[in-house]
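Record features (Swiss-Prot):
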{"type": "REGION", "residues": "1-53", "note": "region 'Disordered'"}
{"type": "REGION", "residues": "70-117", "note": "region 'Disordered'"}
{"type": "COMPBIAS", "residues": "97-106", "note": "compositional bias 'Polar residues'"}
{"type": "DOMAIN", "residues": "135-249", "note": "domain 'LRAT'"}
{"type": "ACT_SITE", "residues": "HIS145", "note": "active site"}
{"type": "ACT_SITE", "residues": "HIS157", "note": "active site"}
{"type": "ACT_SITE", "residues": "CYS233", "note": "active site, acyl-thioester intermediate"}
Amino acid sequence: MGLSPGAEGEYALRLPRIPPPLPKPASRTASTGPKDQPPALRRSAVPHSGLNSISPLELEESVGFAALVQLPAKQPPPGTLEQGRSIQQGEKAVVSLETTPSQKADWSSIPKPENEGKLIKQAAEGKPRPRPGDLIEIFRIGYEHWAIYVEDDCVVHLAPPSEEFEVGSITSIFSNRAVVKYSRLEDVLHGCSWKVNNKLDGTYLPLPVDKIIQRTKKMVNKIVQYSLIEGNCEHFVNGLRYGVPRSQQVEHALMEGAKAAGAVISAVVDSIKPKPITA
């Protein structure tokens, strides 16, 4: 049975209209021109004047690209660029080891040890720097005190049990004991002058240095018998260095005393001699 044209239009199958596909927007990174030039700006369909004629998306892309183009790239230092090229070509990198004036100033400002500075000052004044095992002669008023150099500006010497008096002083003469002390050379000097004096090296052969130091350190803090004539500070240090306890200071004093005594005896003898009778 057929349908009338009117009925066909009324009961005909109606399909929804599908809009045609829209064109894909151009990619932001796509560019038809050269690599370093910005993409061409598209005009809006609606006529406008000035900036209004550019779409917001196109304006943002163009401004951002212009900003990137206007910022100059940071150039590396010439030396760094040349060094990088030389390394890429297989050459070895050269490291400069020269010190700058600022580095030298920093090193010179480092404080040196106090003892080392004093020894350097003494060497500058022409005084030889003591070596381990050297004998130190200290010039006191009326006598000489002796010590033996050990290390680090320190010496070993004889001192009375009481620190109020020095060995060799009038008070210590009547004491028969002394203690072996390990002290700084500056503390032993008490402002007196001193010198290195190994005067018996030409008479006796010094012991090996390591043996001298070993013997000396074993005596530290020990109490020994003290005698101005037979066991004073010079006897002590000569015994450690040469193995022979000897004191030329006492020998000279005894010799001078013998000479003086001889002169006195000679004068007395001459005075008691009978005088010849003259006519």
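Backbone N, Cα and C define each Cβ position, glycine as well.
Features per Swiss-Prot, on structure.
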residue : record                                   : CB count, 10 Å
HIS145  : active site                              : 25
HIS157  : active site                              : 23
CYS233  : active site, acyl-thioester intermediate : 26
What Cα-Cα separation, expressed in whole Å, is found between HIS145 (active site) and CYS233 (active site, acyl-thioester intermediate)?
7
In the three-state DSSP scheme, CYS233 (active site, acyl-thioester intermediate) belongs to helix
Quick one: pull the CA-CA distance for HIS157 (active site) versus the residue listed as 'active site, acyl-thioester intermediate', whole Å only.
7
